[in-house]
Structures are given as structure tokens and as C-alpha cells.
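Undergrad: Okay, handing you the structure first.
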Amino acid sequence: MDDVRRWQVPGRVNLIGEHLDHNGGAALPIAIDRSLLLKARRRDDGVVNVWSRGERASLNVDVSPGDVTGWSAYVAGVVWALRSAGVRVSGADLVLESTLPVGAGLSSSAALTCGVALALDDLAGAGRSREELALVAQRAENDFVGAPTGLMDQYAVLFAQDGHAVHLDFSASPPATEAVPADWSDDGLVLAVIDTGAHHELAGGEYAERRRECAEAASSAGVDSLAAIKLDGLLSLTDDTLKARARHVLTETTRVRGAVTALRRRDWAQFGAMLTSSHESLRDDFAVSCEELDVAVDCALASDALGARMTGGGFGGSAIALLRPDQVDPLRARTEAAFAARSWAPPHVFTVRPSPAAARVDRGDER
Ligand code: GAF
């Protein structure tokens, strides 16, 4: 293709700070070295064609919510949200190639929406900021696809830095970003992902239900957003479910602070302890884990990981573990055996490294 622009768009792993973005709290994701390669060429006939995994979808740029379903709704949603934001999308041919597993809780959907937003904004010469494009990508998911996500994934994809985690603060608008070195590899450690294969779908009702519960807990405790709750506010809650959700948000907020300090000090034992207690809180108080994730975390801890937890929205997807490289094979074997014993499909275990944000890679800045 002539005039083809290429974008490399990473997935993400959230190290800690789960379900805090939609509560005005903090998160600490890294972009990972599993990514979407997006090739984009401008068209001027009002048609957007997308090729992905041997399939082709075509849509018109004047698409509206409800017109498109399935994977191409993420692309259509971006076209719609960009045009609503005043960007002149004239059409495009888009080719997607991915090393990022879909439905694994590693933000393949944010990679897709952010990548398409970057590419179409660039083809239109609109020059929107990454903050604006993050909102466009979120709007595509929230209002077109129907997945009521926060902004963490879009910010991880668009603002990550190589070798760093990005400390995000959602109490600010736009969210504040701060890069924190994530250099466990200098101390002989790796971050493993255990993709459980359990179904993960944010457009399902459970994620939205947690958001509703959090909003209700915040209003009962008299705070604007739940991350602002203090101990007396927590104790004032009388409903056990709302109290448990708020307890997760309060304790996770403290854990993020501890994890950032531990990361800066390269105190891996402390960092690992934060990961594991985050998992317990997501399992017991926030109730977004599942059997597969719990087994994966148990296997990681039994393989002497310094810490392990589910990552992302939950209800399936992936767990992460911080451990030595020679512990990865035993972890894989242990997890495969535990899954086989329960007649579950084999999990996929691989390591990831903190990687750069989405970037154009056809101008001599290939990575
Ligand atoms: C999903 C959502 F998309 C994010 O916005 C965030 O809420 C996360 O779940 C939980 O931390 O990835």
C-alpha cells in the first residue's frame, strides 16, 4: 500500500490499583511487549475498511451507536466518537496484526480503540492531544460498544514509558501521569502473566454492577468519589456489600502508595506483598476474581513468587506474578497441572517487560 502509516500499540498490565480509576483513585500500569500493529491508509470516499485475523469489515463514516456489533464496533465507535469531537474522518483502510491475546484482560480493546484513534486523527491531520484521544477511545467503548470502562487502560496505552510504570491519579482532570522506574529485571526478577483463558468481557453486567455499587457507597458515605472515603466514612456504611466494596477501595488506595514507594526503593519483597494483598482484597471484598484466577495466584505463590494477583477488570483474564526467571517453568508446569486436574483448558504463561506507549513506527523510530 502507498502512503501507509504504521502504529505499534501495546497492551497493558496493571501492577496495582484495581478498580480505582472509576472511583477517582490511582493505578500503576505498565505497557507490555505484546502489541497491535496497525497499518493505516487514507481514503476519501467515506468508507472505513478493516482487516483483522482473516476477516474484513466495512463501515461508513456516518455510523451511529447500534449500527455495528462484534469486534468492528470498537473501530466504528472510534470513528463515531472522533467525528462527534469534530475530527473530519474521510475514510481509511486499516490492517490489524496482533500479538496481544483478545479477552485476556490485557487491554486488547483499549489498544484497538487508541490505535484507531491515533491513526485516524493523524490521517485527518487533526492533531488532537493524547488526553483528548484517550477520551475519544473511552467514549467509543462506553457509548458505542456499551462497556462502561474507566480511563486506566487508555492512559496506559497512550502514556506509558519504556522501562517504567505509569502512576495515574484519577482525582485530577485530566488524570495526572508520573513515570516510575520499573526495573525489577536489574535485580534478577521477571514479571510473568498467566492468561487463564477464562472469559473476560467488560460489556457484561458485572463490571457495571461494581460501578453502581461504588457510586452508591460513595453517596451513602457522603463523598464525591469512593477513593476519597476515610475510615469513619467506611464505618458509617451499614450495607455489608457496599462496605466491602468501599473497604477494597480504601485499602487498595493505601497499597498503591506502598507499591510506588517499594518500586522506587526496589524493595521487591514489599512490592510483592502488596500485589498479593491486592488480590485478596479483589477476591474477598470487591468480588471480581474467579476460580481460575485464584488457582493461578495460588500456583504462583506455591512456586515462590514474591507476589501475585489478578490484573485488570477481573471475572476472568490474567494474573501476574513477580518471580525469578528460573521459577517461570515450574510455575507453568504447576499451573498447567492444576488446570488439567480441574478439566480446564491449559493456561498460557509468558513474561512481559515494561514497554513504550503507542507510537508511529514508519519514520525511523521503529522499536
Ligand atoms: C478494566 C477497565 F477498562 C478499567 O477502566 C479499570 O476499571 C479496570 O478494569 C479495573 O481496574 O480494565
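Glycine residues also receive a Cβ, built from the backbone N, Cα and C atoms like all the rest.
As annotated by TrEMBL, domain 'Galactokinase N-terminal' applies to 7-38. Among the features that TrEMBL reports, domain 'GHMP kinase N-terminal' is placed at 74-160. Sequence annotations record features per position, and here TrEMBL assigns domain 'GHMP kinase C-terminal' to 260-334.
Thinking about packing and proximity, how do these listed features fit into the structure?
TA: Cβ atoms under 8 Å from those of the domain 'Galactokinase N-terminal' (7-38) belong to residues 94-101, 106-108, 110-112, 114-116, 118-119, 148-153, 155-157, 160, 164-171, 175, 180, 182, 191, 193, 210-211, 214, 218, 224-228, 248-249, 252-253, 255-257, 259-260, 263, 274-275, 278, 282, 286, 288, 309-314, 318, 320, 352-361, 367 of the same chain, restricted to positions at least 6 beyond its ends.
The average pLDDT computed for the domain 'GHMP kinase C-terminal' (260-334) is 98.
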Undergrad: By DSSP, what is the split of the domain 'Galactokinase N-terminal' (7-38) into helix, strand and coil residues?
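TA: Across the domain 'Galactokinase N-terminal' (7-38), the residues distribute as 3 helix, 20 strand, 9 coil.
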Undergrad: Just give the helix, strand and coil counts over the domain 'GHMP kinase C-terminal' (260-334), going by DSSP.
TA: 45 helix, 11 strand, 19 coil
Undergrad: Count the residues of the domain 'GHMP kinase N-terminal' (74-160) that DSSP assigns to helix (H, G, I), to strand (E, B) and to coil, and report the three numbers in that order.
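TA: Grouping H, G, I as helix and E, B as strand yields 51 helix, 7 strand, 29 coil.
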